[in-house]
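Per TrEMBL, the features are as follows:
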{"type": "DOMAIN", "residues": "39-475", "note": "domain 'Major facilitator superfamily (MFS) profile'"}
{"type": "TRANSMEM", "residues": "37-61", "note": "transmembrane segment"}
{"type": "TRANSMEM", "residues": "73-96", "note": "transmembrane segment"}
{"type": "TRANSMEM", "residues": "161-184", "note": "transmembrane segment"}
{"type": "TRANSMEM", "residues": "271-290", "note": "transmembrane segment"}
{"type": "TRANSMEM", "residues": "335-356", "note": "transmembrane segment"}
{"type": "TRANSMEM", "residues": "447-470", "note": "transmembrane segment"}
Amino acid sequence: LFCKAADSAWIVSLYRLQKTFTVEEAVETIGFGRFHIALFLIMGSTGVAEAMEIMLIAVVGPVIRCEWQLGNWQVALVTTMVFFGYMISSVIFGVLADRYGRWKILFISFIWGAYFSLLTSFSPSYIWFVFLRTMVGCGVSGHAQGLIIKTEFLPTKYRGYMLPLSQVFWLAGSLLIIGLASVVNPTIGWRWLIRIASLPGIVLLLAFKFIPESARYNVSCGNDKAALATLQWIAKMNRSVMPEGKLVEPTDERRGRFKDLMDPKYLRTTLQLWIIWLGISFAYYGIILASAELLEKNLVCATGGGGTSKGDELGDYSEEIHSPCLCHHFAPSDYQIMIISTIGEIALNPLNILGINFLGRRLSLTITMGCTAVFFLLLNICTSTSGLIGFLFMLRALVSANFNTIYIYTAEVYPTIMRAVGLGTSGSVCRIGAMVAPFIAQVLMNASFLGALCLFASVCIVCAVSAFTLPIETRGRALQVGKPVFRSVRSEAGSCTAEGHRGSFL
């Protein structure tokens with residue numbers, strides 16, 4: 001009896017010694033709590049800073065056009081160069097984030113962006129303005145690491161709800177910069193507007209100290225101790241418990257490699273995602289810049305459609321529409337229309353969340369991309385100001401829903417060892433669309449309004465087809481860490497047991 005009792009105790013001790021858990025299991029066990037609310041608020045606020053920096057060009061463009069007597073192509077070039085900087089740095093920051101950590105890259109990118117944004121306000125000429133805004137674009141590209149940190153800390157069932165809600169912060173930043181522009185531009189000038197727009201990024205640098213490095217990143221590079229400490233802190237903050245056993249996860253030295261995206265398992269997904277990202281960005285920034293053009297020059301009724309042209313009512317102003325250096329400041333009513341259309345970015349958020357969680361990421365994106373194409377074509381109808389606002393409102397709502405869905409899908413479909421480089425390269429390709437958009441919305445649209453709209457609609461249709469045929473659906477799917485790895489762990493009792501029973505795609 002004594003021997004049997006000793007054997008039983010030894011078996012129980014050995015079981016406890018060998019019982020292990022992964023970061024995924026820890027995140028699911030801890031659940032959603034106070035830490036995730038703080039994470040949502042702080043990392044979500046990166047969207048406020050990013051939106052203010054990106055949307056700044058739309059409200060500063062008409063002012064610098066007048067101050068420096070710029071042509072359409074020169075105003076378009078400013079936006080293009082911002083996204084050129086974003087495109088180049090997005091890949092670099094993605095690779096560095098997979099190798100050296102998400103938090104570090106996020107912090108560096110905010111310092112970079114705030115510094116060059118402040119310098120932009122002192123630009124002595126157009127050339128300097130373009131160069132410094134390009135540097136700002138480089139910094140802003142690193143803000144995507146905030147989304148990755150949120151994704152890697154959120155339990156599976158909450159990702160489809162919390163990540164789309166982050167759009168609220170982008171909306172807040174967009175509304176804030178438009179509201180500030182309506183007050184600051186006519187009074188103290190665009191230079192002060194840029195200085196004020198850089199403040200949120202500086203303030204956020206102080207808040208980042210409350211957010212730890214991603215536990216998934218730490219275990220992927222072998223720093224299990226730091227990952228465990230982070231998870232224990234989160235459990236304590238959430239008043240929850242950790243799973244029993246020892247944190248065990250394989251280490252993969254092959255982190256942040258671009259060629260992993262070309263692996264046969266992910267090649268098709270990668271290529272289709274690049275097409276979708278490019279098209280979504282092209283449509284998103286196209287409608288933002290087109291809104292400014294429509295308000296500034298009334299292109300709809302002045303270039304084609306029926307009804308009474310506002311240009312006819314304004315006499316000589318209708319002839320100025322085709323002037324290479326049109327100087328026309330926004331009126332208060334123009335800012336109001338921009339605010340109303342911008343609010344549209346959150347109008348479909350509830351439906352978008354339902355679609356993502358019940359229809360799945362792929363089908364939801366297919367539907368919203370198809371509707372985006374339809375509403376682009378509807379813009380050609382010469383209608384009243386209220387009708388124009390309605391079309392712009394719906395377009396902003398749809399393109400925003402597109403971005404919500406593709407951000408979530410991209411962050412979920414790639415494993416931890418290549419998640420940042422996957423999102424980084426997608427963001428880089430995305431900026432190609434953003435670089436082309438100004439020349440379509442601000443140059444081609446002046447020459448052929450219907451031609452520009454047809455181009456936007458065609459790209460959206462291609463994206464809808466690509467979304468529908470994506471090979472992987474990520475709804476309800478646990479975040480992957482790396483490739484299947486089977487390794488042995490020697491217990492303190494001296495036996496060697498294989499961890500093949502874990503068998504999950506780590």
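Backbone N, Cα and C atoms are what each Cβ position is placed from, and that goes for glycine too.
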Long-range environment of the transmembrane segment (161-184) - Cβ separation under 8 angstroms, sequence gap at least 6: 36, 40, 43-52, 55-56, 59-60, 147, 150-151, 154, 190, 192-193, 196-197, 200, 330, 332, 335, 338-339, 342-343, 345-346, 349, 352-353, 356-357, 400, 403-405, 407-408, 411
Best-contacting stretch, by C-beta pairs under 8 Å, relative to the transmembrane segment (447-470) and drawn from 37-61, 73-96, 271-290, 335-356: 271-290
Distant-in-sequence neighbours of the transmembrane segment (37-61), which means Cβ under 8 A and at least six residues beyond its ends: 75, 78-79, 82, 106, 110, 113, 117, 133, 136, 140, 143, 146-147, 149-150, 153-154, 162, 165-174, 176-178, 181, 185, 190, 193-194, 197-198, 200-201, 204, 207-208, 210-211, 288-289, 291-292, 330, 338
Per-region confidence, the domain 'Major facilitator superfamily (MFS) profile' (39-475) (mean pLDDT, whole number): 83
